Every structure is written in C-alpha cells, then in structure tokens.
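According to TrEMBL, the protein has these features:
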type	residues	note
BINDING	Y15, Y20, G59, S60, Y65, D81, N86, D138, V139	S-adenosyl-L-methionine binding site
Amino acid sequence: AALREGYEHFDPRAYLRNNYLPPRADFSSEEFVVPWKLRCLAETFASGEIRGRMLIDVGSGPTIYQLLSACDHFEEIVATDYLAVNREELGRWARGEPGTFDWSPFIQHVCKIEGRGEPWQNKERRLRERLRRILPIDVHRPEPLGAPLCPPADALLSAFCLEAVSPDRAAFVRALAHVGNLLRPGGHALLLGALGESFYLAGPARLPVVPLEESDVREALAAAGFALRELRSYAMPPALRTGVDDVDGVFFAHAQK
C-alpha cells in the first residue's frame, strides 16, 4: 500500500531526465551505464536464440530503449506498466506524437553496435509497428495481467521494475515467479536491474527499492523456476552518482524458464 501511494507521485519526465540524459546517457564511451545496458541486450539478441511470436516487457515505465534490439526478433512486442502516466507516455511515443522524449540517440547507438548499417529511422519505425499493445500490469498478482496470456510469451524482458516495486526480497522473488507465469516453458527472460539501491527519485516521488546483490539475483531466479544462463554486472562510477538514487551498480541476467 505504501509503495502504491508513493507511485501516485511518480513523474515520468523527471525520471527520464534523471536517467536518460547526460551524464548517464553519454554515448561517447562504453564506460557509461546506458551504452553498457544497450550492449548487453544487443549482444544477447545477436545470438539469434531469443526469438518468436511475442515478447512481453514487464514494467516498461516511460522507456523504450530496452526494446530496440528485441524488436528485430519478434512479431509483436507487448509493453506493460502499472501506472497510467507511463502507459500514456509510451502511447504518445508509439503514435509519433510531437513533444515526446527523444530516443533517437539511443536508436542510433544501437544501430551502430549492431553493425548492420541500417538507417536508425528504419529501426524506430519497426519498433513502433511491433509495439501493438501497452497493457496495465500488477506483478504482485499471480496473474499479473489479470488473466493468463494465451498463448504464453516466447520471451520476457524487464528493466528496473521488480526490485523497485517490491517491499522486500521475498516479494521480489514472488513477483519474479508471477511474471514467469506469462512465459512459455523454455522461454527466455532478460532482466536489467539495480544493485545495492535503496531509493530513487522521480520528481516529487522518493521511491524505495529492495537493495540486491548478485547472489540475491541468482537465488531469486532459481526460486522462481529459472535456470540462469548469464549474469553480468556494472559498477556505477563516481561521476554517475548524481544524487537521484543511491545505486551501486547494475545487473544484467539472461535466464530460461
């Protein structure tokens, strides 16, 4: 209940400013956190193993960067978020409305690291075409979308959601198991998340986060019925500790149901 109340004050534009503009979104070096996240996703999707009819993105927030490499491998991408303000922000971007956040530097960078020489506008158009549904979700319910997903998704992606909406580690594990219900057996799950973070700011909202270590991520995935394929971590350098959170680092996990 306390978490729900806190998120009533969540400001998507403030969140985007805090995390997806310089200094964190600096593409001049792979040492910065946003290029690191994009490379983890690009390299994992480049294997060609993670593909299919549908990918569901759990807790999309107001962001689309996490879907840029995924959109080449799925017929449909389903974005989800608990907050209507985030779903509205995503919908405006998907419709190409003016005044939305400028994701073009992210799209250009992903095209560069994927190395296919594709005009970035093609990838932007493809993601908009494949992002067909933006749905409400509550990861604390056994059926997070309110009903079973039929057929289940071929892959699951979630970036900085579950640890930020769970009051403790036990709730984090349960939420991970709940979203796993959306995935077919053998399906892949890709997670990006915070390490050692206890809060973050989004405008007037100061939101609590479950502080996780790598060992917590490993144990939670196993408890939720996933086999870990890969786990990478990134230590947040002092220059990127800007006061909008107290994050120590970021993890990237590839697991399979």
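Every residue, even glycine, has its Cβ placed from backbone N, Cα and C.
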Q. Around Y15 (S-adenosyl-L-methionine binding site), how many other CB atoms lie within 10 A of its CB?
A. 23
Q: Give me the non-local Cβ neighbours of Y65 (S-adenosyl-L-methionine binding site): same chain, 6+ apart in sequence, Cβ-Cβ under 8 Å, ordered along the sequence.
A: Y20, V34, K37, L38, W103, F106, V110
Q. V139 (S-adenosyl-L-methionine binding site) has how many other Cβ neighbours within 10 Å of its own Cβ?
A. 24
Q: State, in Å as a whole number, the widest CA to CA span among the S-adenosyl-L-methionine-binding residues Y15, Y20, G59, S60, Y65, D81, N86, D138, V139 given in the record.
A: 25
Q) Under a criterion of Cβ-Cβ distance under 8 Å and sequence separation of at least 6, what residues of the same chain contact N86 (S-adenosyl-L-methionine binding site)? A) F10, P12, S60, G61, P62
**Q.** Protein Cβ atoms within 10 Å of G59 (S-adenosyl-L-methionine binding site), excluding its own
**A.** 24
